[in-house]
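Enquirer: Have a look at this one before I ask anything.
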């Protein structure tokens with residue numbers, strides 16, 4: 001039986017589910033960019049890509065060399081194809097305008113070019129997260145210049161989302177709104193090959209992922225919930241839990257998608273003005289879309305993340321996502 005490549009899968013989606021051809025081409029371009037990023041990451045010290053740039057992004061975070069390289073790869077790969085009206089990235093203050101010399105398309109691409117970049121220098125997993133939205137009609141008609149407002153759509157408006165994880169294997173995990181598929185990069189073929197046909201998250205779990213070093217800063221409902229997890233069989237949840245933490249959302253969520261679990265990055269008291277650490281548009285929304293399509297759930301502790309109306313490109317939110325039973329329990333504690 002022949003193997004199903006990403007290209008073949010997308011063509012079949014165009015035939016059977018009426019996936020627009022432009023969306024298919026866009027996903028293929030993003031996948032090619034991810035292959036290039038994977039190659040750059042794998043070179044490590046041999047490619048002179050380790051270390052920091054000495055600059056900060058809009059988040060106030062020190063930029064790693066590979067942050068900047070990955071951002072440029074995604075911009076250059078996607079700006080000329082005619083599928084996009086614009087792009088937005090964690091590494092850029094403002095929306096990226098498609099240069100006038102290139103045709104414009106009907107979609108918007110939002111991405112974190114290299115999630116978990118603090119892991120680069122220690123050779124731990126990192127990844128690329130992306131989200132695809134339709135561009136509002138008023139910006140397509142040229143009546144309005146593209147600006148940040150075009151991107152400020154709730155996660156329910158996503159038409160596709162996914163991530164690439166660069167670890168022992170490079171994988172692309174994708175949803176077009178009809179389940180979740182996983183593709184593994186065959187380096188001999190140079191193609192992503194379908195290896196995980198229908199990714200599903202178990203409803204219950206015995207694993208959770210959270211940065212325990214922040215415990216003293218958490219709100220009371222989070223303290224209560226995590227203490228119950230740690231209490232194990234003797235506690236109110238009546239079972240033992242294991243904690244895992246990779247310090248890269250893409251790696252922690254990948255584990256949850258493949259074997260279940262709960263990922264938490266709650267708000268804390270260090271910066272009361274910030275409702276969370278993770279960015280809504282290019283981290284929480286695409287990951288929440290994937291998790292829900294895999295049968296899981298995702299909230300900010302109070303409401304479904306995909307229902308949040310964004311107020312800014314770099315808006316932050318608290319995140320609880322993964323196995324439905326545990327997400328619902330953690331969310332219920334916030335409402336008591």
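Including glycine, each Cβ sits where the backbone N, Cα and C put it.
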Enquirer: Of the candidates 90, 138, which one does Swiss-Prot list alongside 112, 114 as binding Mg(2+) 1?
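Expert: Answer per Swiss-Prot: 90.
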Enquirer: Which single residue out of 234, 271, 283, 292 does Swiss-Prot record at the Mg(2+) 2 site shared with 112, 115?
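Expert: It is 283, as the record lists it for that site.
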Enquirer: Given that Swiss-Prot annotates 115, 116, 117, 118, 211 as substrate-binding, name the residue from 35, 43, 274, 277 that shares the site.
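Expert: Site partner of 115, 116, 117, 118, 211 for substrate, according to Swiss-Prot: 277.
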Enquirer: Among all chains shown, work out which of the binding-site residues 90, 115 has the most CB atoms within 10 A of its CB.
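Expert: For the binding-site residues 90, 115, the Cβ with the most other Cβ atoms within 10 Å is 115.
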Enquirer: Widest Cα span across the substrate binders 115, 116, 117, 118, 211, 277, in Å?
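Expert: Maximum Cα-Cα distance: 16 Å.
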Enquirer: Using the alpha carbons only, what distance in Å do you get between residue 277 (substrate binding site) and residue 115 (Mg(2+) 2 binding site) once rounded?
Expert: 13
Enquirer: Give the helix, strand or coil assignment DSSP yields for residue 112 (Mg(2+) 1 binding site).
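Expert: In the DSSP reduction, residue 112 (Mg(2+) 1 binding site) maps to strand.
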Enquirer: For residue 112 (Mg(2+) 1 binding site), which residues of its chain lie six or more apart in sequence with Cβ-Cβ distance below 8 Å?
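Expert: Sequence-distant Cβ neighbours: 89, 90, 128, 129, 130, 279, 282, 283.
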Enquirer: What three-state secondary structure does DSSP assign to residue 211 (substrate binding site)?
Expert: coil
Enquirer: Which of the three DSSP states, helix, strand or coil, fits residue 90 (Mg(2+) 1 binding site)?
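Expert: Going by the DSSP assignment, residue 90 (Mg(2+) 1 binding site) belongs to neither helix nor strand, so it counts as coil.
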